[in-house]
Amino acid sequence: MSTAPEHSPTMARSSVADRLAPYAPLMLVPVLAIAGLIAVQNPASWLTLTVSGLAMGMMIFLMASGLTLVFGLMDVINFGHGAFVSVGAFIGISVLLTLGHLTNAPSLGLNLLAILAAVLAAMAATAVMGWAFERVIVKPVYGNHLSQILVTMGGLIIAEQLIIVLWGPEEIYFTRPEALKGALTFGDAAIEKYRLVTVGVGLAVFAAMRFVLRRTKIGLIVRAGVQNGEMVAALGYRLRLVFIGVFIAGSALAGLGGVMWGLYQEVITAHMGNQAMILIFIVVIIGGLGSVEGCFIGALLVGLLQNYIAFVEPKLALVSNIALMVAILMWRPMGMIPVVKAK
Amino acid sequence: MIRTLLSGDLPRSRVLALLLAVILTCLAFAPFLFPGVRTVDTAARICIFIVLVASYDLLLGYGGIVSFAHTMFFGMGAYGVALTSTHMGRGFDALAIGSITGAALAAVLALLIGLFSLRVRAIFFAMITLAVASAVAVLVSQLSGLTGGEDGLTFKIPRELGPAFKFGKETFDGALFGVKLNGKLLTYYLIFGGSALLFLALLRVVNSPFGRVLQAIRENDFRAEAIGYKVVYYRVTATCLSAAIAALSGSLYAIWLRYVGPDTTLSMTIMIDILLMVVIGGMGTIYGAVIGATLFVLAQNYLQNLMGVLSSMTEGLPLLPELLSPDRWLLWLGVLFILSVYFFPSGVVGRLRGQR
């Protein structure tokens, strides 16, 4: 419930600080990058760290964006979101491994074809899984946060164990396709090719999401639904259908994120979704629940900070995310760009 | 007398009362009824988990607060005892100081997390506790100089609590009903007594006016605030209390095992076990912890054997032996978990009370 507007409007131009305030979260990323440059002191290593931080941030964004939209739209908290990440990674990597003749070929085109096949397979599988997950697990517990948390947690456990049943308990090691191995050098800085690809994919997905959300009718309904679902439903839109669509799209994005994450680390384990979940939650919280932009900025902050700290003071890297979350929540208790009102 | 001891919260179901009485008798006389290293170990585990689960029930069932950091507090108590026993040498003073410091630190940490995140909303709290708990678990396994890392710490407890200590030579000839009177027996009764006290204390808390306000907040925090209760204050107090009691049960666990490690005290698996025990037993009924923990620990110890048998019986079939292998126990737990949330939301205790 918001308060009524003031009845004595003032004509005074607002101060610079006031006009900059809405952009403050956006400014945090360059500010952090500059702070990183001061802390690291060596421009070449700073460039390497920044690119890998951005790459990591993009992957976290891919995994987290679906979760934040689902929460904003239907007020469903999905603790099982990490399951899509693991399943996506396992399916994608299995496809890549079976297409060994394509990935080992020195031709860029064949490599990309293999990766494309892997990504599509992973996204299709996680989309189907998302649909089933919504049908079987989430549907009976709408409107009850406690049951949602418990039940989706159960879903995560089952998915993790099924992965172990199907793929075995050992972690799977592999190498990236030929074309994505190695690094480009700019002066003293070495930048792995794969990280550049990741940044590119992340930016493309973000741009596509923004386009869909800002410029299309579906996006309009989704955004309106996040703001006030009841009103949208009352206007005659079938919000449930939109919601299922968002859930499936979010699951597919998490699957894509899982493949990218697996290729980044060159090892996949059944617990990787569980571990990713923690980063995803931090990002979703500091971004502000329900906000895609906040999620994007939050993911970049987490990725950059973790890489800088790991370089400057490795022991602190583990707690840097928590420290960032505490700092952001002290500044804005609802996250950087809150969309959903407190309930 | 019993009514006072149970703080006026009687089982309110004949079957439940009978079950509780059987469990209490079995636990109280476990070393005599079921002599054997493994069974006594199971009994001690049940005692400790009853307290741990009951303290979680105070949060989840009475406060409606979902926390994923309960094993963190459990671990703080355990590591408290382990660290003082390592650095101060074996002795009851080390045990006492370790438990009290562990509980106090757990309460302080709970206060910090609570003040910081309980103002906002339930889901934030669940996510933040998950993040903090996993950070602490990683930190503990990284700081190997202090905590022994992944290997954990093995430490010595007072000689009187070790199996080498014998007593009652003159009066009972060193054995009672064929059970040797040694330090291990004393440790068991220390665990049993400590758990019983903590459990009764929790029962007292939830049946006090404080517990009633918590329930009111769980049902509708907006109205509770409107009546004039400071919701944040009650939630934070419940979190601190629950954290301190979890830490004390962690201390008992450390004393029983004479070892702490990330896997035994801090892992996510234990957190899931706790959640399951609460849900199976029945949320919001402290007695649910007794039923849930007993069923669960028994199943964990004996069902895995059964699964092994089933797995070898289905050897020739595709996939089925894999699904039934004892290592996949967590899979069936997950299924059971979801089914019990759907079809059994009030747990065993709620069901028994319902059909009085």
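From the backbone N, Cα and C atoms, a Cβ is placed for every residue, glycine too.
Packing against the transmembrane segment (A:20-40) from elsewhere in the chain are residues 46, 49-50, 53, 294, 297, 300-301, 304-305, 308, 311-312, 336-337: each is 6 or more residues past its ends and has a CB under 8 Å from a CB in it. Residues annotated as transmembrane segment in TrEMBL: A:20-40 (among others).
Among the features that TrEMBL reports, transmembrane segment is placed at A:46-71 (among others).
Under 8 Å from some Cβ of the transmembrane segment (A:83-102) lie the Cβ atoms of residues 63, 66, 110-111, 113-115, 117-119, 121-123, 125-126, 129-130, 133, 155-156, 159-160, 163, 166-167, 172, 174, 177, 251, 254-259, 261-263, 268, 270-274, 276-277, all in the same chain and six or more residues away from its ends. Per TrEMBL, the feature transmembrane segment maps to A:83-102 (among others).
According to TrEMBL, the feature transmembrane segment maps to A:108-133 (among others).
Per TrEMBL, transmembrane segment is recorded for A:145-167 (among others).
Annotation comment: TrEMBL describes A:194-213 (among others) as transmembrane segment.
The transmembrane segment annotation in TrEMBL covers A:241-264 (among others).
Here the transmembrane segment (A:276-304) has long-range neighbours at 25-26, 28-29, 32-33, 36, 49-50, 52-61, 63-65, 67-69, 71-73, 79, 81-82, 85, 156, 206, 209-210, 213, 226, 257-258, 261, 321-322, 324-325, 328-329, 332, 334-340, meaning same-chain residues at least 6 beyond its ends whose C-beta is under 8 angstroms from one of its own. Per TrEMBL, transmembrane segment is recorded for A:276-304 (among others).
What TrEMBL records for A:316-334 (among others) is transmembrane segment.
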TODO: Look over the recorded stretches A:145-167, A:241-264, A:316-334 and say which has the most C-beta pairs under 8 A to the transmembrane segment (A:46-71).
DONE: A:241-264
Task: Beyond the flanks of the transmembrane segment (A:241-264) by 6 or more, those residues with Cβ under 8 Å of it - done: 55-56, 59-63, 65-67, 69-70, 73-74, 81, 84-93, 115, 118-119, 122-127, 129-131, 133-134, 138, 176, 180, 194-195, 198, 201, 205, 218, 221-222, 225, 272-273, 276
Open item on the list: Six or more residues beyond either end and a Cβ under 8 Å away: which residues meet both conditions relative to the transmembrane segment (A:194-213)?
Closed with: 51-52, 54-55, 57-59, 61-62, 65, 176, 180-181, 184, 219, 222-223, 253, 256, 260, 263-264, 292, 296
